[in-house]
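Novice: Pasting the feature list from TrEMBL:
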- 9, 68, 145, 146, 147, 148, 176, 196, 197: substrate binding site (BINDING)
- 34, 36, 68, 174: divalent metal cation binding site (BINDING)
- 36: active site, proton acceptor (ACT_SITE)
- 174: active site, proton donor (ACT_SITE)
């Protein structure tokens, strides 16, 4: 199984100090920063776009921006996000009719490609062809569009189904994940953990990051036996 990666969700950060917040997370042990891009169409909320990501990249040039594209036409924004310094471009399978072509376009811009599924979308929507082409698969454990929602445990079996088909793939969980819900996610096979308020609001974010990573590593040790 691939290694444990913690990707704090900047949706829970102080947007007025976004670059400083990203640096604070990286100093605390975060390898990726999860950037929630919402367009007001695919989801009802609006957050940030390429101009904001570009500013963060200029201030934190060694950042790995894990860009979660909650947008209606993901094909439209690949070049903008690449130009802004995006490292990974994760689109929703519900928003496109040709996932493989989109993955190829993302790779052509030297970004990793991620495919996300919302809570009501079955994991089988990620076909073997799509999953093999992608670099990361994201199982949403809340409905996309806003932070602070309650974790939906019914989504966890989708992680296990994807892990069984793609043993070497990065599989991410996002939504309501924290110290109280990490165990089921890690045991199902997720290795990339997105957490927002659980990390950003903690007195010592580095302790939460270390704890989440340790839980994934413990679960992975069981997988490899």
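Even glycines carry a Cβ here, placed using N, Cα and C.
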Novice: When you put residue 34 (divalent metal cation binding site) at the centre and draw a 10 Å sphere around its Cα, which of the binding-site residues 9, 145, 176, 197 have their Cα inside it?
Specialist: 9
Novice: So for residue 34 (divalent metal cation binding site), how many other CB atoms are inside 10 Å of its CB?
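Specialist: For residue 34 (divalent metal cation binding site), the count of other Cβ atoms within 10 Å is 28.
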Novice: Mind telling me which of the binding-site residues 145, 176 has the densest Cβ neighbourhood, counting other Cβ atoms within 10 Å?
Specialist: 176
Novice: Across all the protein chains here, work out how many other Cβ atoms are within 10 Å of the Cβ of residue 9 (substrate binding site).
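Specialist: 24, counting other Cβ atoms within 10 Å of residue 9 (substrate binding site).
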Novice: So of all those binding-site residues, 36, 68, 174, which one's Cα sits nearest to residue 145 (substrate binding site)?
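Specialist: Closest recorded candidate to residue 145 (substrate binding site) by Cα: 36.
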Novice: Starting from the Cβ of residue 68 (divalent metal cation binding site), draw a 10 Å sphere and report how many other Cβ atoms land inside it.
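Specialist: For residue 68 (divalent metal cation binding site), the count of other Cβ atoms within 10 Å is 28.
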